[in-house]
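Per Swiss-Prot, the feature domain 'Globin' maps to 1-141; the stated evidence is sequence analysis. Taken from Swiss-Prot, the feature phosphoserine covers S3, S49, S102, S124, S131, S138. Residues or ranges marked as N6-succinyllysine in Swiss-Prot: K7, K11, K16, K40. Annotation source Swiss-Prot lists N6-acetyllysine at K16. Residues or ranges marked as phosphotyrosine by Swiss-Prot: Y24. The O2 binding site feature in Swiss-Prot is assigned to H58; the stated evidence is sequence analysis. The heme b binding site annotation in Swiss-Prot covers H87 and rests on sequence analysis. The phosphothreonine annotation in Swiss-Prot covers T108, T134, T137, and the record cites similarity to another entry as its basis.
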Amino acid sequence: VLSGEDKNNIKTAWGKIGGHAAEYGAEALERMFVVYPTTKTYFPHFDVSHGSGQVKAHGKKVADALTTAVGHLDDLPGALSALSDLHAHKLRVDPVNFKLLSHCLLVTLANHIPADFTPAVHASLDKFLASVSTVLTSKYR
C-alpha cells in the first residue's frame, strides 16, 4: 500500500522526468534486453537493437501507462485494467518480466535524476512499480 509520502514522492519524481518519460522507457527496455536477454522472446517481431524505432515506440507505451498510473495512484486496478487484460490473456507475458523491467527502470531513473533519486524516492518508486506489476499480473489467476 502506498503511503501519502510515497504518493508525493512518486508524483514529484515523475514530474522531474517530465518530457523524458518515453526516452527513459525505451532506455529501460534496451537495458532489460541486454541484461536479461531472455526477455527478447516476447518481442520476436521487434528490432531490439540500440536506438530501434520499435523499442522507442514500446518505451513510449510503457511510459504512457506509467504516467496514467501516476495519475491514478488511488485506483491502479481501474486505471490499468485493460492493460492487465492484454498482458494476461493476449500477450501472456511471464510475470517475472515486470519485475525485471521495473528494476531496469529504477536504474535508468537513478542514472538520469541522481540528485532527486534519494533513498526515500527510490523506495517509493520501487513500491509503485511493484504495485503496478501486481495489478498487471492480477488477471493471470
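In case you wondered, yes, glycine gets a Cβ from its N, Cα and C as well.
Known features from Swiss-Prot, placed on the structure.
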{"residue": "K7", "record": "N6-succinyllysine", "contacts (Cβ under 8 Å, 6+ apart)": "L73, S124"}
{"residue": "K16", "record": "N6-succinyllysine", "contacts (Cβ under 8 Å, 6+ apart)": "I113, D116"}
{"residue": "Y24", "record": "phosphotyrosine", "contacts (Cβ under 8 Å, 6+ apart)": "I17, G59, A63, L105, T108, L109, H112"}
{"residue": "S49", "record": "phosphoserine", "contacts (Cβ under 8 Å, 6+ apart)": "V55"}
{"residue": "H58", "record": "O2 binding site", "contacts (Cβ under 8 Å, 6+ apart)": "G25, A26, L29, F43, F46"}
{"residue": "H87", "record": "heme b binding site", "contacts (Cβ under 8 Å, 6+ apart)": "V93, L136, T137"}
{"residue": "S131", "record": "phosphoserine", "contacts (Cβ under 8 Å, 6+ apart)": "L2, L76"}
{"residue": "T134", "record": "phosphothreonine", "contacts (Cβ under 8 Å, 6+ apart)": "none"}
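In this structure, the modified residues S3, T108, S124, T137, S138 were compared by how many other Cβ atoms lie within 10 Å of their Cβ, and the smallest count belongs to S3. In this structure, the CA atom of S102 (phosphoserine) is 16 Å away from the CA atom of S138 (phosphoserine).
Here the CA atom of K11 (N6-succinyllysine) lies 12 Å from the CA atom of S3 (phosphoserine). Secondary structure at S102 (phosphoserine), as computed by DSSP, is helix. Here the Cα atom of S138 (phosphoserine) is found 23 Å from that of K40 (N6-succinyllysine). For S102 (phosphoserine), the Cβ neighbour count at a 10 Å cut-off comes to 20, with all displayed protein chains included. Non-local contacts of K11 (N6-succinyllysine) by the CB criterion (under 8 A, 6+ apart in sequence, same chain) comprise V70, L73. The domain 'Globin' (1-141): residue composition by secondary structure is 110 helix, 0 strand, 31 coil, according to DSSP.
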